[in-house]
Amino acid sequence: MKQYLELCRRIVDEGHWVENERTGKRCLTVINADLTYDVANNQFPLVTTRKSFWKAAVAELLGYIRGYDNAEDFRKLGTKTWDANANLNDAWLNNPYRKGEDDMGRVYGVQGRAWAKPDGGHIDQLRKIVDDLTRGVDDRGEILNFYNPGEFHMGCLRPCMYSHHFSLLGDTLYLNSTQRSCDVPLGLNFNMVQVYVFLAIMAQITGKKPGQAFHKIVNAHIYEDQLALMRDVQLKREPLQAPTFHINPEIKSLEDLETWVTLDDFWVEGYEHHDPIQYPFSV
């Protein structure tokens with residue numbers, strides 16, 4: 001929680017104003033931020049200076065793991081995070097590759113589970129990583145990559161957190177996640193949860209011990225219409241004790257995650273928080 005608040009304060013105090021062409025808004029921006037999450041000791045990085053809806057973040061991650069490409073499927077899991085980008089993005093609404101209502105195109109999990117090969121067929125990146133780690137293999141390339149410039153025109157949004165690199169030291173699993181862009185007031189509380197949970201769940205299904213998760217953000221920003229709420233409300237609140245995160249121990253394989261797992265298989269204990277803050281969202 002401390003490192004999250006330090007980043008927010010750094011943006012407010014040291015950020016540069018940048019015009020964002022996609023949203024038509026100005027952003028207060030800093031370059032490069034590094035966050036570390038101690039998964040081994042269950043130090044769950046859930047924001048306490050406002051209420052954080054962690055279940056939606058886990059649901060979104062589960063949708064990526066399953067390779068979903070439709071906002072309706074994400075809603076069924078328990079999150080509406082893709083409704084706007086799938087249905088309110090003018091450029092995507094006029095894109096000939098859009099299949100209809102709720103279609104997201106070839107984004108995130110689609111790339112992770114079905115990366116198109118130039119010579120035909122697809123690569124299931126996640127399956128390969130899970131199989132390797134389960135056998136104790138780390139080829140120094142256990143990388144889940146969502147960033148496919150050749151297919152950007154076939155999806156509603158480029159990936160923000162685009163790379164997850166898993167590494168083994170003995171029987172301890174580590175994760176380095178890289179994010180090109182981060183809406184800090186709205187997106188980062190989701191992204192922190194997802195990086196933490198991804199390492200925790202991958203360690204569990206591959207029979208390894210979780211270590212640390214390292215989260216690099218390249219462009220961290222606060223939109224102009226979010227600044228007052230961050231500076232004058234959230235940053236004036238005292239952080240509270242971190243909660244703990246728990247996963248159903250019966251989840252033992254990638255197939256479990258693909259089939260029967262729901263949000264009921266994850267829970268948080270000891271979450272105390274301040275009141276919610278309604279930050280504006282930019283499509």
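Quick reminder: no glycine exception, Cβ is built from N, Cα and C everywhere.
Swiss-Prot names R22, R180, S181, C182, D183, H221, I222, Y223 for binding dUMP. Of N32, N191, the residue it gives for the same site is N191. Taking the C-alpha positions, the distance from Y223 (dUMP binding site) to S282 ((6R)-5,10-methylene-5,6,7,8-tetrahydrofolate binding site) comes to 8 Å. Counted within 10 Å of its Cβ, the other Cβ atoms near Y223 (dUMP binding site) come to 22, all protein chains included. Long-range Cβ contacts of S282 ((6R)-5,10-methylene-5,6,7,8-tetrahydrofolate binding site) within its own chain (separation 6+, distance under 8 Å): N20, T23, K25, D183, Y223.
Of all residue pairs in the dUMP-binding list (R22, R180, S181, C182, D183, N191, H221, I222, Y223), the one with the greatest Cα separation is 21 Å apart. In the three-state DSSP assignment, the secondary structure recorded for S282 ((6R)-5,10-methylene-5,6,7,8-tetrahydrofolate binding site) is coil.
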